[in-house]
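Asker: Pulled these features from TrEMBL for this protein:
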- 18-138: domain 'RecBCD enzyme subunit RecD N-terminal' (DOMAIN)
- 214, 215, 216, 217, 218, 219, 220, 221: ATP binding site (BINDING)
- 617-664: domain 'UvrD-like helicase C-terminal' (DOMAIN)
Ligand SMILES: Nc1ncnc2c1ncn2[C@@H]1O[C@H](COP(=O)(O)OP(=O)(O)OP(=O)(O)O)[C@@H](O)[C@H]1O
């Protein structure tokens, strides 16, 4: 049943030392194997012979290690049919083979008392630590998260906000006319074009769940601002805006503010027909998900949960692709029964740092079956129930019958915006992002060869003398960072002004470790800035040092991924209290503090010595850059990635890096690695899409 060069227990040690599994994976497997044995009753025997007992236990141990490894790699389950029987650990050279079929593995696993399968008679106890469902193996906790998230979303999608009138009445026609004013027919639009922003607004107006997705600049914030305006006209409601990180929350606030200003101008001609005062009731302040749910210091639990729900009527969650499965579970459990939920995000971006790919799973049912290669072809198609399509057509004025499909209700809650208003026409960044997103190899080459001003390719040119490609990148970094570092020396400059200038440019790396990872590039940039005399890097906290926080500190209000700058604290310069503490020198020399911009735009100052674990941040990982944008972005890809690194290089990673850039995108890499990454899609094993879309 299992053929291996050594007992599995010994192999686990080897795999751990070769970093194929983590110490946690090995300990989990050993503990499970020690606690759980074949249940003779389940197996239908009185005794188990020694040989069978041994091989069953070996298989169980191996499968537990594989399950734990799946979770370490952000999958939510282990699909048994995807196990490579001749090399289950996917080692360079296999040390172990499973000599039975996938179905036989399932049969054997179900004989263990630690595993149950919902729907099977003997598995009525929901308390087994491992669950086997539809051929997928779960840890109990993740199984609960997934099934409950699916159930919350399905219930929300099934619910409409109020009784729907069966025929057009005054209320519907009033809403339709307001929608007409909010979304006037533009000259750019042809007769057959659909205004998906208008359709999305009508969807979110009528449904308790609306998922509005689209790439950068497709108008998600514009749409949600118009929706909130429409809703605040109808009734008073408590609306909360949130995002997964402080940076993303600050950006959402700014975008909503700008969007409100634009809307006020657009609606000015209709001032006699529409009450513009309700625009002031559209909230602008966004907070983080953690703050909304109420962090309890030193506890993984939040203040708000099922039994103490949030006090709100409508919740808007931006950057929803960053929300992992456990967090989505916490959020959905804490929603009050009557509340509406609007999820905004880009389903093509990198999935969350932790387990799951919730937004991508929600959208999975809209994916076109055949693989498209032409960048202009849609990968997605809306799917409405016939009843709802009719209602939405009446409200929006667009005939949605071409999108009717026998799909579950979740399809009615989805709306994808596909036209970017930021990357217009032939703009290089938009073209490259689309080509990578479509894994279109020829188009990627074509875009690079077109010679767009906003795109720059730097080839790794490594010789014994060094890598001239890397040198070019470092020179670029110095010339960008020079501006904010010079501003930092000028005591008249405001901290937020300096931080904005620092945020004009960022180096993004695919990985953390190594010469071309965050560690190596940060070191390289620091040395280059020191040589250019822009920083005095002899002290740890030199003027202008950018720091990125690596862990949460609830007391200080700093969270993993927060970025700040070491700058003079001007308020300390003349403070009598400070002078008394620090002696006379402090009167004239302001002390250096780490400055962080908060979601509400205020500055949080923290003494450098009190900072929780942190790193320098001239370069950061693409993962950590999600929810941020920079005028100029330089992406660094490794020169010769190891097999493990190759797995991390995906089209979602490259797409996310490209779409962080607003004006200019540079890539330091080699053609082969860029191509490999652009053609490899992230695969996250999860049963959520099946649970949401199983009727189709
Ligand atoms: N229908 C439209 N016609 C013309 N311009 C538009 C339209 N919708 C949005 N825009 C413009 O496109 C830009 C981006 O819009 P918006 O911020 O709403 O997009 P987004 O999808 O929220 O972007 P991001 O992904 O950066 O959050 C804004 O300048 C906005 O004014």
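Using N, Cα and C of the backbone, Cβ positions are placed for all residues, glycine too.
Bear in mind that TrEMBL entries carry predicted annotations, made automatically and left uncurated.
In terms of burial and nearby residues, how do these features look in this structure?
Answerer: The secondary structure of residue 216 (ATP binding site), as reduced to three states from DSSP, is coil rather than helix or strand.
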Asker: Counting across all protein chains shown, how many other Cβ atoms sit within 10 Å of the Cβ of residue 215 (ATP binding site)?
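Answerer: Result for residue 215 (ATP binding site): 23 neighbouring Cβ atoms inside 10 Å.
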Asker: Near residue 216 (ATP binding site), how many other Cβ atoms are within 10 Å of its Cβ?
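Answerer: A count of 20.
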Asker: Select, from 215, 217, 221, each of the binding-site residues with a Cβ positioned under 6 A from at least one atom of ligand 1; if none does, say none.
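Answerer: Close enough to ligand 1 are 217, 221.
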Asker: Please list the DSSP helix, strand and coil residue counts for the domain 'UvrD-like helicase C-terminal' (617-664).
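Answerer: DSSP composition of the domain 'UvrD-like helicase C-terminal' (617-664): 18 helix, 14 strand, 16 coil.
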Asker: Under 8 Å between C-beta atoms and at least six apart in sequence, can you list the same-chain neighbours of residue 220 (ATP binding site), or say none if there are none?
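Answerer: 212, 213, 214, 318, 344, 345, 417 - these are the non-local Cβ neighbours of residue 220 (ATP binding site), listed in sequence order.
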Asker: On the DSSP side of things, how many residues of the domain 'RecBCD enzyme subunit RecD N-terminal' (18-138) fall into helix, strand and coil, could you say?
Answerer: 54 helix, 16 strand, 51 coil
Asker: Return the residues near residue 221 (ATP binding site), defined as same-chain residues 6+ apart in sequence whose C-beta is under 8 angstroms from its C-beta, sorted by sequence, else 'none'.
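Answerer: The answer is 252, 255, 256, 259, 318, 344.
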